Structure formats: structure tokens, C-alpha cells
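Engineer: Please read through the structure below; I'll follow up with questions.
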Amino acid sequence: MVNNINGQNQPNNVANNIKQQRAELQRNDANNTATKPAAQQKAAADSVSLTPQAQQLKGLQDKAQQAPAFDSKKVEELKKAIAEGKYQVDAEKLAKNIAAFEFDLYG
């Protein structure tokens, strides 16, 4: 059996230590609460501004979302030309466009 000479683990000392720790925590909480409104006020003063390029990009995005995914009039014209046998494929133009696309895609 071990006897403590300094009395650190006596029931009264443990209770006093707990009371001191609680009091210190309450003081810290009170200090933190007092400083929060100032920090919140500072955050309220912050602002954000968009560059002209960002505003232009937003406008273009809005236009793109409102535009149809394809030109339905052109699709109908192509369908009609194909049905009537009038649609002609320009093989050279098609080959050039495919080559340009692959160059853009793969470098």
C-alpha cells in the first residue's frame, strides 16, 4: 500500500482541483463569448466582387442554357433533303473536318 505524503490524491484536493478546472473553463467560455460578436461583425463587413470577365462568362452561360441543344430548322431541312435524295456529301470537306478534329483532339 502506498501513502501519499503531499496529499495530492486526497478526496478534498481532488474535489478542489475539479472545481478549479470548472471555474477556469467557465472563464474561458465567457472570454470566448465576449470576443465572438466582434469577429462576427468583421465577417459581416467582408464582400466579394466579380471581375468583368466572370460577369461576361455568367451571361454566356445563361444564354447557352436558354438556347436549344440543336438547330431544329436545319435538322428538318437535312431530313427533307435526304428523303428527296438531294443531300450530297462533300467527301473532301468531310475528310478535312475529321482531320482537323483529330488534330485538335490529339495534338
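Each position is counted from 1, following the chain as shown.
Glycine is no exception: its Cβ is also placed from the backbone N, Cα and C atoms.
Computed from a predicted structure; not experimentally measured.
Below, the features straight out of TrEMBL:
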COMPBIAS  1-18  compositional bias 'Low complexity'
REGION    1-72  region 'Disordered'
COMPBIAS  33-45  compositional bias 'Low complexity'
DOMAIN    46-99  domain 'Anti-sigma-28 factor FlgM C-terminal'
COMPBIAS  48-58  compositional bias 'Polar residues'
Engineer: Summarise the model confidence on the domain 'Anti-sigma-28 factor FlgM C-terminal' (46-99) as a single mean pLDDT, whole number.
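Structural biologist: That stretch averages a pLDDT of 92.
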Engineer: What are the helix, strand and coil residue counts for the domain 'Anti-sigma-28 factor FlgM C-terminal' (46-99) according to DSSP?
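Structural biologist: Final tally across the stretch: 37 helix, 0 strand, 17 coil.
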